[in-house]
Amino acid sequence: MPAIESLGAASRSSPLWSPDEVTVIFVLGGPGAGKGTQCAYLVSDYGFKHLSAGDLLREEQDRPGSEFGEMIKTYIREGTIVPMEVTVQLLENAMKVAIEKEKKTLFLIDGFPRKLDQAHAFERTVVPSKFTLFFDCPEDVMQERLLNRGKTSGRADDNIESIKKRFRTFVETSMPVVDEFESQGKVVKIMATAPPDEVYKNVQEKFKERGVEPITLKFVHN
Ligand code: C5P
Ligand code: MG
């Protein structure tokens, strides 16, 4: 990727796509709230393209020759937010590929925007979002899930020290994004303490209320 100051979010002033062409639903919630799990269900029933900002950052971090690799590694370990130009560009690149090669127009963007500047830059230069799906979960539940995941995830930030820092970043930096979208009537809030299939039932109900319908018809055989 080119230097940070020439990336789209820093240099473009109008969106690449209109919300009529491309639908984006942001998926937010603290670390361990179950964003990835719920996105997987939604992908199979609704045909969304799922893009996880954290996964794209980890991929870029590991890409040989990336000028941002070392920087990303530090931010992730410290649980702080990577400069938005990088994350917005990675999302934009992945969306372009999905639109052109896979003919996708429905996107779930998971773990983004985690900071107000990311939200503003994305909606200004890529496409305005339809709404934000927000998974609400108490810290003790998320902590237990993350420590469990840490046994097998191989992630550098699923340890108690990084987890505490990520919780702090979430409260101080990411919740203001949820609050801002909430004030625009653009948040669908779901309690995320129950088992995944129960949480998903609530998600489906809320999507229906917002006019988002599943693509697959399920036939019941007698
Ligand atoms: O969403 P996930 O837990 O995979 O994110 C891991 C880390 O990636 C975050 O703690 C943060 O350091 C970074 N990140 C970011 N901006 C985002 C999403 C993730 O800086 N929008
Ligand atoms: Mg995730």
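Glycine residues also receive a Cβ, built from the backbone N, Cα and C atoms like all the rest.
For the ribonucleoside 5'-phosphate site that TrEMBL gives as T80, I81, V82, G111, F112, P113, R114, Q118, R155, R166, the extra residue drawn from R12, R58, R210 is R58.
What TrEMBL records for the ATP site is G32, A33, G34, K35, G36, T37, R149, and among A98, A119, A194 the residue it adds there is A194. Same-chain neighbours of the region 'NMPbind' (52-82): 1, 35-36, 39, 90-91, 94, 109-112, 114-115, 118, 156-157, 162-166, 168-169, 173, counting only residues six or more beyond its ends whose CB sits under 8 Å from a CB of the stretch. Secondary structure at P113 (ribonucleoside 5'-phosphate binding site), taken from DSSP and collapsed to helix, strand or coil, is coil. Put simply, K35 is the one of the binding-site residues G32, K35, T37 whose Cα lies nearest to the Cα of Q118 (ribonucleoside 5'-phosphate binding site). Neighbour density around each Cβ, counted as other Cβ atoms within 10 Å, peaks among the binding-site residues A33, I81 at A33.
Checking the binding-site residues G32, K35, G36, I81, R166, A194 for a CB within less than 6 Å of any atom of ligand 2 leaves K35, G36, listed in sequence order. Of all the binding-site residues in the list K35, T37, R149, the shortest Cα-Cα distance to I81 (ribonucleoside 5'-phosphate binding site) is found for K35.
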